[in-house]
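**Student:** There's a structure below that I have some questions on.
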Amino acid sequence: MWPIWRQLLSPRDAYGAEQTLLLFTYLLGLTPFRLRGHGTRHFELSRLGYLNALLQLTFFGYCFLSALVQEQSIVGYFFNSPISQVGDSLQKFIGMTGMFTLFLCCGLRVRLLIRHCDMIACIDNHLLDVGICFNYSRIMSLRHTKLLLIAGVQLAYLASSISMLIYNDVRPSYTVAVAFYVPQLFLLSIVVLFGAILHRCWQQFDALNKVLKNLAHQWDTRSIKAVQKQRSLQCLDSFSMYTIVTKDPAEIIQESMEIHQLICEAAATANKYFTYQLLTIISIAFLIIVFDAYYVLETLLGKSKRESKFKTVEFVTFFSCQMILYLIAIVSIVEGSNRAIKKSEKTGAIVHSLLNKTKSPEVREKLHQFSMQLMHLKINFTAAGLFNIDRTLYFTISGALTTYLIILLQFTSNSPSNESSTGFDCCEAYHNMTNHTV
């Protein structure tokens, strides 16, 4: 029993560092594979994992259909208007479609994720050859922190919103609650998993850049030699590094080229696995943010004549918290992707700095090859190829959000109830004027 706990608390490789996160997603049915072996470790597909995924999806489908038959929803408890009915119907449809898409992609494309994990372990071994040793316990601690943070935020939102409903004598059935809250948990779990992949990508690019910077520093101090020297370890933030590299510069650059190619291939594999999940998550988040922002603005601007048990503060708080939850998901995806891309772009500047300093023809040739490789191998993350996952997405979402909000608010202003009220006021004014004249 103790060796199992020691592996959970003190991982010794890239597989062990992610085992807690992968166990969590395994229980949710999103990663139907388990870590096997003691010496040479590997991931293996699990029939129990696929069965768990099927049960999860079946249970959610039952709750969704039951809520649909009952014609109940959490949003409907707050107020009922034509636009809210449309928004609620769209949220139900895209929520069910999104859940099926997530489980389908996770089940059918799971070998891509396993291949990516194997590539991460292989890259770590290559980095070890050039003096890099990652602190896997720290990596696992970061995963635990993110899981606890996401679980805490989700539980706080669930507890506060359910308490608000019960306080106002509204008791939703468990099927309605599951259909509304469970998709948030699954979407955020995919976001955490994608963030973990991006974090390892960022770490490996950072380690590669430090190897090249260390080489440049040794050239600056004239301390580099092609002879064996004593190794000394320098403890860094997320990994350890040899201060004196004991290999020939041309050999170090050749290994750095191979590591760079492997990292780019790993990033491309991750993008293939997550591409449809990212499209689903961003689409769902955008739709919910649009309608939540509309509900809040309509109430604050006084355009809504809603009849509800809930106070304005409770109404605004509920939808604002839901909107913030999905905003966190989008920001986590975009910032993680942007951070990895920016770190990869720094490698080119370091390589060209080395190119300007070297005097060895052999090393210069290797650096020229590395420069050409950097031109043709670049990482990027897309949502099914429709748009790039970077900070330009903020501008795109902001523009689309503003456009849809203006349309919805104008639709509310021109609704039949407002028109009839305006017509009644005009008729009443004309009648008063006639009586006054007579």
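Note that Cβ sites are derived from N, Cα and C of the backbone, with glycine treated the same way.
Whatever TrEMBL says is automated annotation, not expert-curated.
The transmembrane segment annotation in TrEMBL covers 20-37, 49-69, 89-110, 147-167, 173-198, 273-295, 315-334, 393-411.
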**Student:** Would you call the transmembrane segment (315-334) and the transmembrane segment (89-110) in contact, using three or more Cβ pairs under 8 Å, pairs 6 or more apart in sequence?
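**Tutor:** Judged by the Cβ rule, the two regions do not touch, with the required three close pairs absent.
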**Student:** By Cβ distance under 8 Å, which residues at least 6 away from the ends of the transmembrane segment (89-110) in the same chain are close to it?
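**Tutor:** Contacts with the transmembrane segment (89-110): 29-33, 45, 50, 53, 56-57, 60-61, 64, 67-68, 73, 75, 179, 183, 186-187, 190, 272-273, 276-277, 280-281, 283-284, 287-288, 291.
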**Student:** Count, for each of 20-37, 49-69, 147-167, the Cβ pairs lying under 8 Å from the transmembrane segment (173-198), and report the range with the highest count.
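**Tutor:** So the stretch in question is 49-69.
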